[in-house]
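Engineer: Sharing a structure, written as structure tokens. Questions coming.
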Amino acid sequence: MTIAKKKSSTQILKKSNTTSRRKPARVKTLYSQDELKEIFRRFSIQRPEPKGELEHSNPFTLVVAVALSAQATDVGVNRATRGLFEVADTPEKMLELGEERLIGYIKTIGLYRNKAKNVIALSQMLIDDFGGEVPRTREELILLPGVGRKTANVVMSMAFGVPTLAVDTHVFRIANRLCLAPGKTPDEVEDRLVRIIPDEYLFHAHHWLILHGRYCCKARKPECERCVIADLCKSPEKTCDIPAPLVELPAQLTGE
């Protein structure tokens, strides 16, 4: 009886998530539908195939990399995981490595002791509860130790091709600074962004917003003169109204 009840609630959640994404965009935003389409059209020209910057070789290494990236840079995580994933790229190998040896690989990353415990624990759960495979649904992913909604959304998008939107520090800043989808929490921003982003651009929107925030609309000093949407931007902080030339960026500038 308990198992049947859990399946039923998961199905309801999935249906609820799907339905909410299809609702009309009744969200407070300063941008018209035409402006929103133009913003993401320009992002799509600038970065036709945006990619995440965390190095990984399969869904498991992606889960681990994203879990390790909390309060750390992608560069720092990649530096640590290159050696780690050579010896432990499956849950079984990670358990065989063990927590202490894992720490040896990731000790340059902030909160490494707590993260090491989570990686070992999630590896064990994957084996015990999911047959050693990374689950595909958000409801199951967030059951894993150290995996929250943002990590789950990243894995769903990058590993399984599900059009989700993970709100990290860059996306949160962009959504509020540009008055695009202002919100007080990442969940609030995610809900609003998903409702206003045109369907045809939703799959890559996560990476476009991250890369725009990381390399152009920076936290301390936005480089408005390099912004391809400067004319559309409604941020009170912007210092330029003339958009930068709209050209596809070389691979080295897209984080690949």
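The backbone N, Cα and C atoms fix where each Cβ goes, and this holds for glycine too.
Feature list, courtesy of TrEMBL:
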type     : residues               : note
BINDING  : C217, C224, C227, C233 : [4Fe-4S] cluster binding site
COMPBIAS : 9-19                   : compositional bias 'Polar residues'
DOMAIN   : 68-215                 : domain 'HhH-GPD'
REGION   : 1-26                   : region 'Disordered'
Engineer: Using a 10 angstroms cut-off on Cβ to Cβ distances, just flag whichever of C217, C224, C227 is the loneliest among these binding-site residues.
Structural biologist: C224
Engineer: For C233 ([4Fe-4S] cluster binding site), write down the residues of its own chain that are at least 6 apart in sequence and whose Cβ falls under 8 Å from its Cβ; none is a fine answer.
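Structural biologist: Looking at Cβ-Cβ distances below 8 Å from C233 ([4Fe-4S] cluster binding site), excluding near sequence neighbours, one finds L178, C224, C227.
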Engineer: Helix, strand or coil at C227 ([4Fe-4S] cluster binding site), per DSSP?
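Structural biologist: The residue in question, C227 ([4Fe-4S] cluster binding site), is coil (DSSP, three-state).
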Engineer: Using DSSP, how many residues in the domain 'HhH-GPD' (68-215) fall into helix, strand and coil?
Structural biologist: 102 helix, 0 strand, 46 coil
